[in-house]
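J.: Below is the structure I would like to discuss, written out as structure tokens.
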Amino acid sequence: MSDIFVKTLLYELKSIGNSWYKLSLLTLLPLLSFGFIIAIFSSGVVRDMPIAVVDHDHSRLSRMLLADIEASPTIDIAYSLPSAKEAIGLVKAIKVYGVVIIPHGFQRDTLMHRQPKVTAMVNTQYILIGKILSSTLMTLLMQSASKVEYLQNLAITHDRYSAMARIVPIGIQVTPFFNTYQNYFYFLVSALIPAIWQIFIVITTLVSIGVIFKYNRVHFIFGDGRHMAVRLIALMLPYTVAFTLMGLLYLLYIYSSWAFQGSLPHLVFALFLTVVSYQVIALLFFALVGDYARSLSLGAVYTAPAFAFLGVTFPVYNMNDFALFWRAMLPISHYMELQIAQANYGVGIAYQSEKFVILLGFWLLFVPVVWLLSYRVKKMEQKI
């Protein structure tokens, strides 16, 4: 059996060295994809989102309000227009993401406590941008209103503490537990890269097994179908090592500038379990359909939508039953729970043992894989 293992392993190593496609799947293509994602979110924080303003009042107070908005690093007043119609036209042309309209008599009504209404319209077609812009504008408008009220109260009470207490009778302190800087690099990239990584694991596995059947190398690699488990392990081993190391490098890069709260060795072990789980699932796809092209299609359907089911951008508790079922069928979703728990929360491994067991559970699919591929190989041998 050791001879079979070594022979198959050496064959696959030589095959990787002679195939630009396999080499690209192991090196160039993943690195380019990861680099592209990292470059997109490198700034980490959303800044200078363009908006248009329509100031119908042109008063000292309206200029103060616009100055407060412009001072925010999140927003950039790109256009100052005379009418709301022109401003909305810029939103439709996707030149700005929002419009702020200050009404006539804004300063007069404010000083007379008539509660003038400043209108803020935001393009929520882009959900993330819309939420950030809405939150920022609301905060800025409230701060500006509080500033005016504070000055009015100060003129009455002549005491800054009393003036402030009239505005905010109850003090509130909000302390974020994790991702305190609200950095989108840390939030999104740490999930996007694993979502892309699992796609490459499945594709590479299917290419490795698929070309053997496509180019009639079945007899040379699998013989008469005996010792199939040993042959498959040897065939997959180079990719297992490569993708585990790739995952480790990703972890070291992402968390090099962030405090890692848990156990890195345990998370690397979870990486290894995830890699093998996806390899087994990819082999099962091929064993079921027995066709290179169709198995690649199955792999794409299975892995491509994974990011949406990770529970990072959409909360798990709001998913319907089918979404929860599909999520449970994805090893990467269980790995991401381990990654978040270890990297952010420092949860004890004993509390995460269930996730390790689930990932190991995917390995059980190797049993039908061995049986099905042995059956296919023996059937092909009989035809010969």
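Heads up, the Cβ atoms here are built off N, Cα and C, so glycines get one too.
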J.: Among 86-105, 126-145, find the range that TrEMBL records as transmembrane segment.
T.: 126-145
J.: So if I exclude everything within five residues of the ends of the transmembrane segment (267-289), which remaining residues of that chain have a CB under 8 angstroms from its CBs? That is, six or more out.
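T.: For the transmembrane segment (267-289), the list is 198, 201-202, 205-206, 209-210, 213, 232, 236, 239-240, 243-244, 247-248, 251, 295, 298-299, 302-303, 331-332, 334-335, 338-339, 342-343, 355-356, 359-360, 362-363, 365-366, 368-369, 372-373, 376.
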J.: Out of 126-145, 184-213, 296-317, 356-375, which stretch has the largest tally of CB pairs under 8 angstroms to the transmembrane segment (20-41)?
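T.: Result: 184-213.
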J.: Excluding the flanking five residues on each side, which residues at least 6 beyond the ends of the transmembrane segment (356-375) place their CB within less than 8 Å of a CB in that stretch?
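T.: Long-range Cβ neighbours of the transmembrane segment (356-375): 222, 225-226, 228-229, 232, 269-270, 273-274, 276-277, 280-281, 283-284, 286-288, 331, 334-335, 338.
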